[in-house]
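Student: Sharing a structure below in structure tokens format, with a few things to ask.
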Amino acid sequence: KTLLLTLVVVTILCLDLGYTTKCYITPDVKSETCPDGENICYTKTWCDVWCGSRGRRVDLGCAATCPIVKPGVNINCCSTDNCNPFPKRS
């Protein structure tokens with residue numbers, strides 16, 4: 001019985017029991033729990049016509065895989081809770 005109990009405890013500790021990642025999400029830039037299967041946080045930045053005066057556009061969110069982006073769009077992906085804060089303007 002002790003061996004069986006030990007195996008059950010080890011199994012529970014080794015399994016990811018429904019853990020979901022938390023990421024910052026735009027437009028509110030608040031931390032939210034990602035949907036099941038989306039364990040990647042991303043920060044996507046790009047320039048639009050107002051880039052010179054307003055700075056780069058920023059999109060924050062969750063994804064199942066790191067999004068593929070077009071030329072001129074920067075993407076940073078990470079996989080820990082709230083690892084995608086709104087970038088500081090330089």
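Cβ atoms are placed via backbone N, Cα and C, with glycine included.
Reproduced below are the annotations present in Swiss-Prot:
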- 1-20: signal peptide (SIGNAL)
- Cys23-Cys41: disulfide bond (DISULFID)
- Cys34-Cys62: disulfide bond (DISULFID)
- Cys47-Cys51: disulfide bond (DISULFID)
- Cys66-Cys77: disulfide bond (DISULFID)
- Cys78-Cys83: disulfide bond (DISULFID)
Student: What is the separation, in Å, between the Cα atoms of Cys78 (disulfide bond) and Cys41 (disulfide bond)?
Tutor: 5
Student: Rank the disulfide-bonded residues Cys41, Cys62, Cys66 by how many other Cβ atoms lie within 10 Å of each Cβ and give me the one with the fewest.
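Tutor: With the disulfide-bonded residues Cys41, Cys62, Cys66, fewest surrounding Cβ atoms within 10 Å: Cys66.
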Student: Quick one: which of these disulfide-bonded residues, Cys23, Cys34, Cys47, Cys51, have their CA within 10 A of Cys77 (disulfide bond)?
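Tutor: So far as Cα distances go, none of the disulfide-bonded residues lies within 10 Å of Cys77 (disulfide bond).
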Student: Spatially, which candidate from the disulfide-bonded residues Cys47, Cys51, Cys62 is nearest to Cys41 (disulfide bond), comparing Cα atoms?
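Tutor: Among Cys47, Cys51, Cys62, Cys62.
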Student: Would you mind listing, in sequence order, the residues at least six apart from Cys83 (disulfide bond) in the same chain with a Cβ closer than 8 Å to its Cβ?
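Tutor: Same-chain residues close to Cys83 (disulfide bond) (Cβ under 8 Å, separated by 6 or more) are Cys23, Cys41.
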